Each structure stands twice: as C-alpha cells, then as structure tokens.
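See below for the structure under consideration.
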Amino acid sequence: MSGCPFAGNSVGYTLKNVSMEDNEEDRAQTGVNRASKGGLIYGNYLQLEKILNAQELQSEVKGNKIHDEHLFIITHQAYELWFKQILWELDSVREIFQNGHVRDERNMLKVIARMHRVVVIFKLLVQQFSVLETMTALDFNDFREYLSPASGFQSLQFRLLENKIGVLQSLRVPYNRKHYRDNFGGDYNELLLKSEQEQTLLQLVEAWLERTPGLEPNGFNFWGKFEKNILKGLEEEFLRIQAKTDSEEKEEQMAEFRKQKEVLLCLFDEKRHDYLLSKGERRLSYRALQGALMIYFYREEPRFQVPFQLLTSLMDIDTLMTKWRYNHVCMVHRMLGTKAGTGGSSGYHYLRSTVSDRYKVFVDLFNLSTYLVPRHWVPKMNPIIHKFLYTAEYSDSSYFSSDESD
C-alpha cells in the first residue's frame with residue numbers, strides 16, 4: 001500500500017478544522033445591526049462632525065497651506081480636551097471634600113481613583129510633546145507668522161487648572177509685567193476670578209490633614225510624643241559622637257549632627273513655620289503639616305494607607321506639571337531659540353522662569369523627607385490606638401479620647 005499511512009487522519013483533521021472555523025464565523029455573524037434601525041450612532045454621540053472639522057489652517061486661509069500646521073493644531077486641541085477631563089476629575093474631588101463626604105472612607109477610594117486618573121493623563125500629556133517634536137524648527141517657522149497674537153499662555157483651562165489646584169497668586173511670575181488675568185477679557189476673566197475665590201484643592205486637603213486622627217493633645221498626642229522622642233534621640237546621638245576617640249571623625253560627625261539638630265528642632269517652632277508660610281515658602285498650616293508627617297510615618301497602618309496614597313498622588317501631579325512645563329520650555333527653546341513668543345512674551349525666558357517651586361502646590365509634602373528619623377524615634381502606638389486605627393470608619397478626630405492615649 002503506497003502513500004502516507006496517516007493521510008486519512010490528516011484529511012479528517014483538516015476537514016474538522018475547516019468545519020470549526022465555519023462554525024466560529026457563523027457565531028461571529030449572529031449579531032444584529034441596531035444602528036440600521038435609527039437612533040444614536042457613534043459619530044453623533046461623539047459629535048465628530050464638529051471635532052473633525054475644527055482644524056482651520058491659518059496658512060491655508062492666507063493662501064499658503066503649510067502641511068505641519070495641521071499637526072500643531074491637532075496636538076494643542078488634544079491638550080485642551082485632556083485639560084477639560086482633568087478639570088472634570090478635579091472638580092469632582094473638590095466637591096467630595098467640600099461636602100464633607102471625604103470623612104466616609106468609601107468616598108476616599110473615589111478620590112484616590114480620580115486623582116490617579118489625573119496622574120495617568122498628565123503622564124500622557126508629558127509624552128505628547130514627542131509628537132510635536134517630529135516637526136523641525138524650520139517646519140514651524142513656515143507657519144508661525146500666521147499664529148500671532150495667539151499664544152499658549154492664553155489657555156484658559158490651564159490657568160483654571162493652576163488656580164483650582166492651588167497655585168498661589170502671589171507667587172505667579174508676571175506676564176509682560178502684568179497680572180496674568182489681564183490677558184483674558186470678558187467672560188474668561190470672570191471665570192478666572194471666580195476660580196481664584198473658590199476653595200482650592202490645596203486648602204481642602206489642608207483642612208482634611210488638620211483632622212488627622214491621633215494629633216489631639218488629649219488623645220494619642222503624636223506631635224508631643226514625637227518632639228519628646230526627637231529630643232531624646234538627639235541627646236543620645238550627641239553622647240555617641242562625644243564618645244568617639246578619632247578627633248577628625250568626631251569633628252565631622254559633630255558638624256553633621258548640629259545641622260540635623262537645627263533642622264529637626266525648627267520643625268517644632270510654630271512661629272517660624274508661620275513666618276515661612278507668610279513668605280510662601282510653606283503652603284500647609286502647622287497642624288496640617290503635623291497630619292501629613294503622621295501619615296508619612298504610619299503609612300503602613302491600615303488606617304493611613306489610603307491617605308498616604310492620596311499624598312503620593314498629589315506629589316505625582318506636582319511633579320508631572322513641573323515636567324510638563326519643563327518639556328514645554330525645551331520645545332519652545334528648540335523651535336524659537338530666544339525669540340519673543342507669538343503672544344508678545346519673552347518666550348523661552350518667561351517660560352523658564354515658571355519652572356520652579358513657585359508653581360509647586362504641594363511642596364511641603366516633598367519636604368517631609370527632610371524630617372526622616374530612625375524608626376525607633378517615631379512614637380510607638382499602644383494596642384488600643386493600633387486597634388482603633390484599624391477599625392475606625394471615619395477620619396474624624398472626635399473618635400479619639402483621652403483614655404485611649406498612653
């Protein structure tokens with residue numbers, strides 16, 4: 001008998017495969033095209049006719065169509081759409097705080113989820129500059145003359161975003177020696193003024209931190225115990241260094257110790273804190289700073305894990321906004337050099353001046369690392385407090401009482 005002994009099985013297997021594929025295809029076609037019956041369709045739902053026809057090339061209007069202007073418009077429109085989504089998330093978070101719903105920890109999960117979403121969007125916005133950078137400076141120069149006096153500074157949504165997060169008006173860099181709002185007229189100016197008068201995310205987070213459970217002097221009294229432990233720890237550190245026999249090593253360590261001591265003791269000087277607050281070098285109230293530091297130290301406790309995630313997200317947003325500004329500066333420098341901006345500003349030089357801690361909102365959270373101390377210097381929680389932090393449902397200081405302290 002000639003031929004492959006497995007030929008029959010092979011053909012059978014092939015036919016079976018074809019049959020199975022036919023069945024899969026049949027199942028794939030069992031749906032119903034509901035759109036054919038009328039009603040809302042994809043393009044109408046997203047209003048794509050408006051969006052996809054919102055790219056008017058000024059170079060084309062002037063009779064000299066430049067290809068890369070289309071990319072320039074699309075990229076900036078995408079930025080504005082994402083700014084709108086960030087404002088949507090930010091307003092919802094501010095509303096939760098304003099209505100006091102943040103005391104219910106179930107709502108804290110909403111806050112965390114929405115702030116994380118803002119973080120992810122900002123990461124996308126930072127990366128989006130790479131698309132614009134596929135255009136050369138010469139390509140941009142071909143249509144730049146058609147843009148004036150339009151300028152990125154005129155982005156209403158970005159200014160609203162800065163205000164609602166909590167950028168201090170006193171720390172803003174003047175735009176051509178004028179208040180930033182002077183560059184917006186009519187309704188836009190009113191919207192910006194209104195956003196300045198509303199409670200910022202910074203103020204709402206500050207009030208929330210001031211209620212951190214465990215700060216009460218007649219309760220756990222974290223701050224009082226922490227100060228006591230710091231003084232004791234510094235004294236022990238001083239004696240340890242004093243006992244050293246190597247004079248050179250001893251001198252170096254003593255100099256470092258004095259610096260550390262000055263930094264840590266300043267932490268308990270409320271008047272100095274208020275002075276730095278008045279100068280804009282600190283943003284949070286003294287009690288809010290205590291709450292943030294307590295969350296920082298006890299972040300592994302179940303009660304403080306979610307609050308710590310929020311503080312982390314706030315720092316992430318600050319970091320990403322700084323990166324966004326920096327990438328913007330680099331792109332402008334690359335495209336314009338040191339020429340003036342299309343809106344009349346000094347361009348690169350003005351933008352570079354905004355990449356600083358003046359525009360950081362939660363700078364105090366970054367500075368918490370300054371006060372890191374050995375773990376055994378951090379006050380220990382007694383079993384009652386530890387159990388309470390695990391079982392409490394609401395972040396309200398009234399849940400602590402004096403008989404729960406050491």
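The backbone N, Cα and C atoms fix where each Cβ goes, and this holds for glycine too.
Quick look at what Swiss-Prot annotates:
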BINDING   Phe72, Ile73, Ile74, Thr75, His76, Arg144, Thr342  substrate binding site
BINDING   His328  heme binding site
MOD_RES   Ser19  phosphoserine
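When the alpha carbons of His76 (substrate binding site) and His328 (heme binding site) are compared, the span between them is 12 angstrom. With the fewest other Cβ atoms inside 10 Å of its Cβ, the least crowded of the binding-site residues His76, Arg144, His328 in this structure is His76. Each residue contributes its Cα atom, and for Ile73 (substrate binding site) and the residue listed as 'heme binding site' these two points are 16 Å apart. Every protein chain considered, the tally of other Cβ atoms within 10 Å of the Cβ of Ile74 (substrate binding site) stands at 14. Taking the Cα atom of each, Ile74 (substrate binding site) and His328 (heme binding site) are about 16 angstrom apart.
Sequence-distant contacts of Phe72 (substrate binding site), defined by Cβ-Cβ distance under 8 angstroms and a gap of at least six in the same chain, are Leu132, Met135, Phe140, Phe143. On a Cα basis, the residue listed as 'heme binding site' lies 17 Å away from Arg144 (substrate binding site).
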